[in-house]
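In TrEMBL this protein carries:
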type	residues	note
DOMAIN	6-105	domain 'Cadherin'
DOMAIN	106-214	domain 'Cadherin'
DOMAIN	215-324	domain 'Cadherin'
DOMAIN	325-429	domain 'Cadherin'
DOMAIN	430-539	domain 'Cadherin'
DOMAIN	546-656	domain 'Cadherin'
TRANSMEM	663-687	transmembrane segment
Amino acid sequence: AQLHYSVPEDREPGFSVGDLAKDLGVEVRSLAARNLRLVSEGGQRHFQVDLAAGVLLLDSRLDREALCGQSPTCSLHLQLVMENPLQLHRVEVDVLDVNDNAPQFPKPEVVLEITEVANLGTRLPLEVAEDPDMGSNSISTYELSPSKHFALSINVRGDGVKMPEIVLEKALDREKVPVHHLTLTALDGGNPVKSGTARVTIHVLDANDNPPVCDPPISKVLLEENVPVGTLVTKLNVTDLDEGPNGDVEYSFKTSNNAPGKFTKLFSLDARTGEIRTKALLDYEESSAYEIAVRARDKGSPAMEGHCHLRVELIDINDNSPEIVLTSVSSPVQEDAAPGTVIALIGVKDSDSGDNGQVRLQIAQELPFKLVSSFKEHFSLVTGGPLDREKASGYNITVRAVDSGSPQRATQKTFYLRIADVNDNAPNFSSPFDTAHIQENSLPGTSVFSVSASDPDEGSNAKLSYSILDNGMQDVPISTYFRIDQDNGTIYTMRALDYEQDKVFQVPVEVKDAGSPALSSTAVVHVFVLDENDNAPNIVYPSVPKGSAFHQAIPALAEPGYLVTKIVAVDADSGHNAWLSYQLQESAEALPFQVERRSGEIRLAQALRESEDSHRLVVEVRDNGTPSLSASVVIVISPEENSVQDFSKSLDLPQSSPEDTNLTLYLTISLVSISLVSCVMFGLVAARC
């Protein structure tokens, strides 16, 4: 919004300029909370804001003439900045002129000379009075004290300045009145009217009766700014009807002693030729026009002079680059900021005028931001689309200001905008399924596996903690078997694992960030327990109490190869730890029996002698683990005449009966089946991943 107020220049500090709260449409009590502050574009502080009343107050007494000089308008530009939300309001205050200055002549006394033979209508230019006030308060008219010979004429210059001249209305006679004393009064248009006077002394001279005449008396020249020093502005056209020294004209600038014209520092005048040239660079932005008064004086006695008035108007060229002013920047900005969120307030200025001062503001199109024009020469940089800190944590934003001049001039300013993180990304495991192996009977606290997750957020939003979830798949909660380091994701055992009880565990792991609200994801670690040889073989047949022997009777006339009995044993372990072998323990005497290593069959190796009594055999069953474990059974074999054999007979010693049960074969088939099922399961998991 833009507010416009006006205040007379003579008001005391504390004067109420305008009701900001009412004109902005906001509650007075919200001004302090929204941190309303006043920014003066000129750097000087002339106003203050009463937050309690919501009004704009005068901070110091204003002097329009000191602030704006002779400018027809005098405006002070302010900026009001309010936060929550961030808003910028422009305030323009017109300083109204009051009639606080009286007209004043450059000199209190003006001395003029005029030849007695001067023609009626001869004009004697007078010094222009100065009045710092403007408009109706500036000089309105001039008055001349009554005179029989002279009258007052007022001409209006090109810039509207009234120029008094004394006009000869009645022929002069120097011998009667050699000197005329008059009073010139300058009146302004204020209420009440203020005035200033100057004494005018006119000396009547003889001789040279034709003054130099400037043709035209008032002229205008258009000149581009920044022309090279020494450029010809114009050559005055002055004529003098006299001859000889009375017609030889010399030129000089006409200035007042107490206020020398600024143009004398910028222009040079050739006293002989009347050529006016530049002697310094001209700047349109400093002054767009110059009024030059030239006195043309002949060399007669007495000398006569004419006056030329030249107005030099400068043509603006595009010699000033635009200026970019960052009024406010909100950095960092949340990555979830809605489109249209104000990021920065930007002002532009160009000292040139017209098209040369028309400025366009641009930013790169690929940026997720856009410029919105607030009001003249002020823009807001707002978000134009969604932001993602994980893709871009910040932006170097280059704002480019280009004017409409020819050739164009441009300025750019770059500032960095940081994007603040919000918790919009859940942690992500490197794999949703992992496989780990651990030897059974490992000590509690053994490291099993380390899961790893990542979170593209930052700070607390990326601080991860791991935990194990109970999925109810085991009879006992999974947390009684395993624990996890919440910081690094390493899984440890809580107790020794038994392959024979649980061969595989599914351990669900959850990772959660520390954001608000927290986000999480899960993964499953399949922990396979590896078997070790921790179970000795168990003899299931013959089943005898510990420390006892099994008695077996055989026919006394049994032939070699006779099947005496069969030892049947099992091992709770698996794989090669469950591969069993049977053998007879060495004894002091040679025994007529042998044990099949794999099947456990005890056969007669040679015919029994009639004199032989019973035989005591110790059969040892040993597994294939490392270290190997074993069990043994004592069998007492007694020859009897009428013994009945329950097993098959007369088999060749190296062969086995097709009907014999080979426990080792069954165990091997089971192991292969389990391996195949495991491979199929891993293949399905890999295909799903």
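Quick reminder: no glycine exception, Cβ is built from N, Cα and C everywhere.
Keep in mind it's a predicted model, so treat the numbers as computed, not measured.
Taking Cβ pairs closer than 8 Å, the transmembrane segment (663-687) reaches residues 433, 435, 568-570, 574-575, 578-580, 598 in its own chain, all 6 or more past its ends. Taken through DSSP, the domain 'Cadherin' (106-214) splits into 3 helix, 54 strand, 52 coil. For the domain 'Cadherin' (215-324), the model's average pLDDT works out to 87. Each residue of the domain 'Cadherin' (6-105) gets a DSSP state, and the totals for helix, strand and coil are 14 helix, 38 strand, 48 coil.
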